[in-house]
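Engineer: Straight out of Swiss-Prot:
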- 9-75: domain 'HMA' (DOMAIN)
- 20, 23: metal cation binding site (BINDING)
- 94-114: transmembrane segment (TRANSMEM)
- 118-138: transmembrane segment (TRANSMEM)
- 157-177: transmembrane segment (TRANSMEM)
- 180-200: transmembrane segment (TRANSMEM)
- 340-360: transmembrane segment (TRANSMEM)
- 373-393: transmembrane segment (TRANSMEM)
- 422: active site, 4-aspartylphosphate intermediate (ACT_SITE)
- 523-543: transmembrane segment (TRANSMEM)
- 608-628: transmembrane segment (TRANSMEM)
- 617, 621: Mg(2+) binding site (BINDING)
- 675-695: transmembrane segment (TRANSMEM)
- 697-717: transmembrane segment (TRANSMEM)
């Protein structure tokens, strides 16, 4: 793990001009050689670099200049900027290129049909091929020259070397052997290879944009204009003119523009893009609204508390952008292959030429075979295999309400075989409720009195048990008297004076002098008992329990169906933890654990070879979250828990954890498929080209299709159901 210093600064840089993974490797290598760069990673699919550097030794401008000198355009990525911008230079260049390709294509089809009359005269072929090589193919040459200057080779080197070689050979035959030129010029190959490769890059860029549409969808959730109250009048203004604290109105069909609190009105809001919850949520005065939510019914007037990047929506976009720009460990394999891929292909091409010439004594066939090898080899498919799937998978996760911190966290999640869950707030609601009440048979006071007296004392405290008792009394519409606070004994209870009643104690049974009756012993095993006494005479007791969340059982069943071991680790009484575990069908449950105990138990599981995911809620879960291979925090968790976690669950539901595991596994499977396709394509394609089974034109078309097929396979993740 990278050790950051106070001087460390992390920036995201948008890069233009990369044509394959070799380009990304080259930039990464150059940046990491600089002494002030602590870490640099370049994502070819997202066309983005993430750089951590010492801000006392270098500036952002210097980092950008380094990339410029490497031969690529670059700029600091702005907040909410999409990773890949439209490239308007591709369409017109592609149109002209394919207009030139048409006569060559007609001639090729004629030759297949046995007619040579449709072929252009050699001099016309030379003229059109020259336009392509000297003008339309300039981006390939520029990329190749820049790559060679940087000490590396990329796809541009292969394409430009192959097409230029066959173009120069054909020109030589035309001008020095004009009488035999018609049968020995291959201008159509140099033209059509550039055409197919350019078309493939265009389609590849479009497909990459589709793989990133989760980010663009989030960006589109923000309304362009909003209605605000100024000088007692409602006016419509641009969102960027809104100030924090202003009153905003959102009617049915409009989106919320800022995170805020409802001042008046009520309605229903669809927050599915933000939390993964498919059903609209009712909103009333005093409730919170989130930027990007759609008002499906009613009208809401709210006060803006956070705007832009400070909103939950802004956090989501920044988190998704950072994660999509990161690299998964499995990408290292592709990086290693692509770093040596082009040099190896160049050697294979030269060997192909030499062996073919030795065996056939035919320079033309030797040249065609060598060029076919250069053209069919495709490092792009390998380079796209991992990041394309990661970007789609991360977008899918965000739509399901799961934020992965980076690609590495998603990959590690795919390997999880054991899930450790905290009890309170994770499996249970974390809200204590009075489940039973006891009073002696000779009770002097009524049940309502018991509630009133207990609430009068507990109203002065601020812990979950106190809140549960006060809320229960208020729900019964009881008038709660005012007690004079006397003293609190930590871990025991509270004592207060109530006029005309006496000294009231509320707390543990022994603190109030209560010996538990036999009929309460069973409840004690699964509940917290709070006794009440007046003048040291017990008058009753409450049993408070934390109820299971409605979806906890379903979530545990889904985990077990995926052959994942489930373990509960809690600081609560062992009997209470066992009771919850029995309800959920969980065999392993540990109670009375301190935060350090939880971390040690997780380490023991890891030592046994398990890949452990921990799900927790609260500061006391932070050590355990840090100890696990992968950690998930609930969105309402403490800041410490969220900072420690590998991912965040937006719905506060274990079911979202199951969704995260499913998406991560599907993404890893997709990556392996992509790598297999890319490797098989090159393993089969290069020998076929070397032995003359593929012409340069077919090889160029196959090369273009290889990258597109990998991207299309990655896009299948969008349709995965769970």
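Cβ atoms are placed via backbone N, Cα and C, with glycine included.
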Engineer: State the Cα to Cα distance, in Å, between residue 23 (metal cation binding site) and residue 422 (active site, 4-aspartylphosphate intermediate), rounded to an integer.
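Structural biologist: Spelling it out, the Cα of residue 23 (metal cation binding site) and the Cα of residue 422 (active site, 4-aspartylphosphate intermediate) are 46 Å apart.
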Engineer: Other than its close neighbours in sequence, what residues sit by the transmembrane segment (697-717), given a CB gap under 8 Å and a spacing of at least six beyond its ends?
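Structural biologist: Non-local partners: 108, 188-189, 192-197, 199-201, 203-204, 207-208, 210-211, 372-373, 375-378, 380-381, 384-385, 388-389, 391-393, 396, 663, 666-667, 670, 673-674, 677-678, 681, 685, 689.
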Engineer: Check the transmembrane segment (373-393) against the transmembrane segment (675-695) for contact, please; criterion is three or more CB pairs under 8 Å, pairs 6 or more apart in sequence.
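Structural biologist: Contact between the transmembrane segment (373-393) and the transmembrane segment (675-695): present.
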Engineer: How about the transmembrane segment (675-695) and the transmembrane segment (118-138): do they have 3 or more C-beta pairs under 8 A, pairs 6 or more apart in sequence?
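Structural biologist: Checked: the transmembrane segment (675-695) vs the transmembrane segment (118-138), no contact.
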Engineer: Measuring Cα to Cα, how many Å separate residue 20 (metal cation binding site) from the residue listed as 'active site, 4-aspartylphosphate intermediate'?
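Structural biologist: Answer for this pair: 45 Å between alpha carbons.
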Engineer: Give the number of CB atoms, excluding that of residue 20 (metal cation binding site) itself, located within 10 Å of its CB.
Structural biologist: 30
Engineer: Could you give the residue numbers and ranges of same-chain residues that sit at least 6 residues beyond the transmembrane segment (340-360) on either side and whose C-beta is under 8 angstroms from one of its C-beta atoms?
Structural biologist: 22, 152-155, 157-158, 161-162, 366-367, 369-371, 373-374, 377, 379, 382, 686, 689-690, 692
Engineer: Please determine which of the recorded positions listed here (23, 422) has the lowest count of neighbouring CB atoms within 10 Å.
Structural biologist: 422
Engineer: Let me know the DSSP-derived helix, strand or coil state of the residue listed as 'active site, 4-aspartylphosphate intermediate', please.
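Structural biologist: For the residue listed as 'active site, 4-aspartylphosphate intermediate' - judged by DSSP and reduced to three states - the answer is coil.
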